[in-house]
Amino acid sequence: MTTEVTKTFVASPSGPVNGDILVPGDKSCSHRSIMFGSLAEGTTHVSGFLPGEDCLATMNAFKAMGVNIEGPNENNEVTIEGKGLHGLTAPKAQLNVGNSGTSIRLLAGILAGQSFASEMIGDNSLNKRPMRRVIDPLRLMGANIEASEDGTPPVTSHGLGENLLKSIHYDLPMASAQVKSCVLLAGMYADGVTSVTEPGVTRDHTERMLKAFGYPVTVEGNKISIEGGHKLTACDFLVPGDISSATFFMVAGLIAKSGEITIRNVGMNPTRIGAINILKQMQGDLTVINERMAGGEPVADIVVRASNLQGIEVNASDVPLAIDEFPAIFVAAACAQGTFKLRDAEELRVKESDRIQSMADGLVELGIDCTVYDDGIDIIGGQLTSGVVNSHDDHRIAMSFAIASLRSSGDIKILDCDNVATSFPNFVQLANEVGLSVVVE
Ligand code: S3P
């Protein structure tokens, strides 16, 4: 038997945090740039692409379906020779999308609309995640698609042959941009107008990108409608910096004993700024400057200064807007005065790991008092100690505990950190540049 050797981070007490940095491209936008570019007519040029493993998995899936894609080069530029909505060809093997929930759920919508059969698989973490949330609406649309009996991958689409999908109206049972996007993408292959209503605002990159690629989409309040049969037209697409990656450095700058860090070119899409709202409410000294538009998305620079954070009750409306940022926000909470309370966040339990439990386990190991609820957590701020924590193969848990070392009394050893490469390949380098001390073993 071979034992897999995985990366461990050893993060030591450090700081101050100072610097002027760029974070890598937005993961959600990078995935979608490949999907839309591949299905468009003409050649799409993407810049600012995130060369993380998740987005490369999406790229490889489209390459396996006959799309010519070049890059990313050293400047993170990608060129995609679009095949049009009906130009993909049957993959010769299973499509392995690794750790990436966005790949499998959005691709499910695209593959459901193809004439040919295909099957998607993932890694150990993805293979435990719920897929019925996309299978159910797709089957209502007449798709011949299924997951395994317990609702997890593989996701198998048997293909439509000559048929079209049926248009539906779908009330999303949960606030999920992946499910919304899956249905909208399938809607491009349906026989009429497909619409979705969402119970809370979720990231709207799909809607924005449909427009950027010239595909008509209607947004009326929380209802989004798309008619089948139109086409996507290639364009030049600029990916903004990822606010989810930036959040690790926002929290680092806030919890550091001193210092000031500027994070440039951060995507400020209003459906993504929950972390900024929450950290400001916690008395974090964050200043948003140079607000501008780039590639159809608002971007800005964020100046962060060391702050005395306070525990708060998170507003329910901020939860979907900060859904990927909670692991880092929990570290801010552990360093704050008083109690931080989060509810209405049950979706955190079905991310790359159960992020409520993974973070609670690690924080308790580091001496922080936490109470876990089905849909949230209470965290009482205190002194972080040294300890060994498990990332549960979850990139955001690994990076959050690395940041926590800024305020720990001794080293934090973080196990299973390989997956940091899915979203933030240069995290360790950047962390060390701004004043943290993280060694990879
Ligand atoms: C994403 C949507 C969110 C988010 C994920 C990326 C997307 O997932 O957590 O990292 O790109 O649409 P849910 O739709 O499951 O909330």
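The backbone N, Cα and C atoms fix where each Cβ goes, and this holds for glycine too.
Long-range C-beta contacts of ASP324 (active site, proton acceptor), restricted to its own chain and to partners at least six residues apart, with a cutoff below 8 Å, comprise SER244, LYS351, ARG396. What TrEMBL records for ASP324 is active site, proton acceptor.
The phosphoenolpyruvate binding site annotation in TrEMBL covers LYS27, GLY101, ARG129, GLN178, ARG355, ARG396. The Cβ of GLN178 (phosphoenolpyruvate binding site) has 22 other Cβ atoms within 10 Å, all protein chains considered.
ARG32 (3-phosphoshikimate binding site) falls within a helical segment according to DSSP. The local packing around ARG32 (3-phosphoshikimate binding site), expressed as other Cβ atoms within 10 Å of its Cβ over all shown chains, amounts to 27. The annotation 3-phosphoshikimate binding site is assigned in TrEMBL to LYS27, SER28, ARG32, SER176, GLN178, ASP324, LYS351.
The domain 'Enolpyruvate transferase' annotation in TrEMBL covers 13-429.
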Applying a 10 Å Cβ distance cut-off over all chains shown, what neighbour count does SER176 (3-phosphoshikimate binding site) have?
23
By a 10 A CB contact count over all chains shown, which of the binding-site residues listed here is most packed: LYS27, SER28?
SER28
Packing count at ARG129 (phosphoenolpyruvate binding site) (other Cβ atoms within 10 Å of its Cβ):
19
What's the CA to CA span in angstrom from GLN178 (phosphoenolpyruvate binding site) over to SER28 (3-phosphoshikimate binding site)?
10
Candidates GLY101, ARG129, ARG355 (binding-site residues) - the one closest to ARG32 (3-phosphoshikimate binding site) by CA
GLY101
Provide, as an integer number of angstrom, the distance between the C-alpha atoms of ARG355 (phosphoenolpyruvate binding site) and SER176 (3-phosphoshikimate binding site).
16
